[in-house]
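Novice: So that we are looking at the same thing, I have put the structure below in structure tokens.
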Amino acid sequence: MKIDLITIFPEFFRGPLDHGIVSRAQKAGLVEITIRDLREFTHDRHRTVDDRPFGGGEGMVLKPEPIFECLEAMEIPPRGNRENVQVLVLSPQGRLFDQTMALELSKLDRLVLINGRYEGVDERVSEVLADGEISVGDFVLSGGELGSAIIVDAVTRLLPGALGNADSARQESFTAVAKEISEGPDSTCASGGLLDYPHYTRPAEFRGYVVPQVLQDGNHAEIQRWRRRRALEKTFKNRPDLLEGAELSKEDQKYLAQLRAGKD
């Protein structure tokens, strides 16, 4: 997979992309990440990438010309003629990024992320070049770079071979897409759209805090049952909105009814 990051602050990505899973995936040839400096596609001595908004108002807007020229230099086909390639603009007005979207993007051959700054990007970029706009949350950041780093990490870890253990992606929070991530039969650990269950490691006892006994006993059926219930509890407490779209068994629903009764 290829990922292109179009930005006026290329140095921003030196840290986030040079560590952990993203770094290992690049070294293994699973993903090729290229940072495109938008200022290289300007033609004045000040390397101007922004200008005042039409109609007045505060702030500056990223100009369309450098972005158009950047994509042309990358030989990105016109919108409508792209095969397994997407161009997305980071914007607070965009589609909310989630785990399902991360899986969708991980199946692309190429992903181009245009990082907005200031008051945003000239709308003609979205109207003509981009396949859509994407947002990482209902808040405003100084620019799209932080959001892009999040997207790159979330997408890269879903690429085949990026994680040491294929089960890791299936068991994580929000994995309603567990069946698609799984290469084999459905896993009993798959979260099915719930938040992740609690994790513990050695030592079993630390300063009086003890790992739950069920996790130490080695009964896999009981461990799975315990983990599922803890995931239900966490989701019920912290993100009840996720329960509407979660994959719930009759046992799950019965346990949730008990939680609701206890809460009331």
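Cβ atoms are placed via backbone N, Cα and C, with glycine included.
Grabbed the feature section from Swiss-Prot, which reads as follows:
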type    : residues                                               : note
BINDING : Gly116, Val136, Gly137, Asp138, Phe139, Val140, Leu141 : S-adenosyl-L-methionine binding site
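I would like each feature placed in context: is it buried or exposed, what are its neighbours, and how far apart are things?
Specialist: Using a 10 Å Cβ-Cβ cutoff, Phe139 (S-adenosyl-L-methionine binding site) registers 7 neighbours. Phe139 (S-adenosyl-L-methionine binding site) falls outside any helix or strand according to DSSP and counts as coil.
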Novice: Under a criterion of Cβ-Cβ distance under 8 Å and sequence separation of at least 6, what residues of the same chain contact Val136 (S-adenosyl-L-methionine binding site)?
Specialist: Leu90, Leu96, Phe97, Leu146, Gly147, Ile150, Ile151
Novice: Out of Gly116, Gly137, give me whichever of these binding-site residues has the highest number of other Cβ atoms within 10 Å.
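Specialist: Its Cβ has the most other Cβ atoms within 10 Å: Gly116.
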Novice: So if I draw a 10 Å sphere around the Cβ of Val140 (S-adenosyl-L-methionine binding site), how many other Cβ atoms end up inside it?
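Specialist: Looking across every protein chain shown, the total is 7.
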Novice: Any same-chain residues 6+ apart from Asp138 (S-adenosyl-L-methionine binding site) with CB under 8 Å of its CB? Would you list them in sequence order, or say none?
Specialist: Pro92, Leu96
Novice: Same-chain residues six or more away whose CB lies under 8 A from the CB of Leu141 (S-adenosyl-L-methionine binding site)?
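Specialist: When sequence neighbours closer than 6 are ignored, Leu141 (S-adenosyl-L-methionine binding site) has Gly147 within Cβ distance under 8 Å.
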